[in-house]
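Participant: Copying in the features that TrEMBL gives for the protein in this structure:
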- 7-209: domain 'Phosphoribosyltransferase' (DOMAIN)
- 80, 105, 132, 133, 134, 135, 136, 137, 138, 139, 140, 201: 5-phospho-alpha-D-ribose 1-diphosphate binding site (BINDING)
- 195, 200, 201, 202: uracil binding site (BINDING)
Ligand code: PRP
Ligand code: URA
């Protein structure tokens, strides 16, 4: 793994991720935890946001302080499971716009199939944070990054809760310019392309469809 891969090994993240992994965790708890994890991960994924100085008069004195310099951002969830992370990210970056990419992984070929795409009009000028709980083969994330580059986006980050080494390697090879943020990297993929030990099908567990 190169320096573009950030494994956010924070105790709160690891604790919440362990509950997510448990097959007995309810849909309600799973959904809430994905949102909380996304919020905590956003803290790290935005560490390089530029700041500028402003003058503020406090009740005691006037001083010069730092404020965000107003960089325009877009959150791009990969439907459907990525939707589960949007609320958490927006709690940290409430002014961000949200673009949607609909992709599902064909269970036979494991290749991503695109079925929906809707972006803010000025997406090319925004910094993009693609969110999806799972980075397995990396096919879905790599396709999503390619779409965003076709829109003209120059600064793209990828944020996944859980990754397989295979997915990370693929993004590093196909998109070496993209920084990757994950809470953990698991052992490997099984024959069905599921992360082992993983947490199962994130979309089904967020939306209660299984
Ligand atoms: C899951 C997950 C990722 C993708 C990861 O979505 O949310 O988008 O699989 O796998 P990959 O790295 O091998 O492409 P899925 O296709 O199950 O669709 P869903 O979000 O609608 O459940
Ligand atoms: N998608 C999921 O939801 N889970 C996996 O383990 C792999 C892909």
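Sequential numbering from 1, following the chain as shown.
Cβ atoms here come from the backbone N, Cα and C positions, even for glycine.
Any TrEMBL annotation is an automated prediction that lacks curation.
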Participant: Measuring Cβ to any atom of ligand 2 with a strict under-6 Å cutoff, which of the binding-site residues 80, 132, 201 qualify?
Facilitator: 201
Participant: Please list, in sequence order, the residues in the chain of residue 138 (5-phospho-alpha-D-ribose 1-diphosphate binding site) that are at least six apart in sequence and whose C-beta is under 8 Å away from its C-beta.
Facilitator: 166, 167, 168, 169, 170, 171, 174
Participant: Look up residue 195 (uracil binding site) in the DSSP assignment and report helix, strand or coil.
Facilitator: strand
Participant: Only counting partners 6 or more residues apart, tell me which same-chain residues put their Cβ under 8 Å from the Cβ of residue 140 (5-phospho-alpha-D-ribose 1-diphosphate binding site).
Facilitator: 78, 103, 105, 112, 132
Participant: Among the binding-site residues 195, 200, 201, whose Cα is within 10 A of the Cα of residue 80 (5-phospho-alpha-D-ribose 1-diphosphate binding site)?
Facilitator: none
Participant: Anything from the binding-site residues 132, 195, 200 with its Cβ under 6 A from ligand 1? List those in sequence order.
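Facilitator: Among the binding-site residues listed, those whose Cβ sits under 6 Å from ligand 1 are 132.
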Participant: Compute the mean position of the Cβ atoms of 195, 200, 201, 202, which form the recorded uracil site, and then list in sequence order the other residues of that chain whose Cβ is within 8 Å of it.
Facilitator: 133, 134, 162, 194, 198, 199, 203, 204, 205
Participant: How long is the line from the C-alpha of residue 195 (uracil binding site) to the C-alpha of residue 136 (5-phospho-alpha-D-ribose 1-diphosphate binding site), rounded to the nearest angstrom?
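Facilitator: If we compare the Cα positions of residue 195 (uracil binding site) and residue 136 (5-phospho-alpha-D-ribose 1-diphosphate binding site), the gap is 6 Å.
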Participant: DSSP three-state call for residue 134 (5-phospho-alpha-D-ribose 1-diphosphate binding site): helix, strand or coil?
Facilitator: strand
Participant: Cβ distance under 8 Å to residue 136 (5-phospho-alpha-D-ribose 1-diphosphate binding site), same chain, sequence separation 6 or more: which residues?
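Facilitator: In sequence order, 105, 164, 166, 167, 189, 193, 194, 195 meet the Cβ cut-off.
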Participant: Please find which two of 80, 105, 132, 133, 134, 135, 136, 137, 138, 139, 140, 201 have the most distant C-alpha atoms, given that the record lists them as binding 5-phospho-alpha-D-ribose 1-diphosphate, and give only that distance in angstrom, rounded to a whole number.
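Facilitator: Between the most distant Cα atoms of the 5-phospho-alpha-D-ribose 1-diphosphate site, 17 Å.
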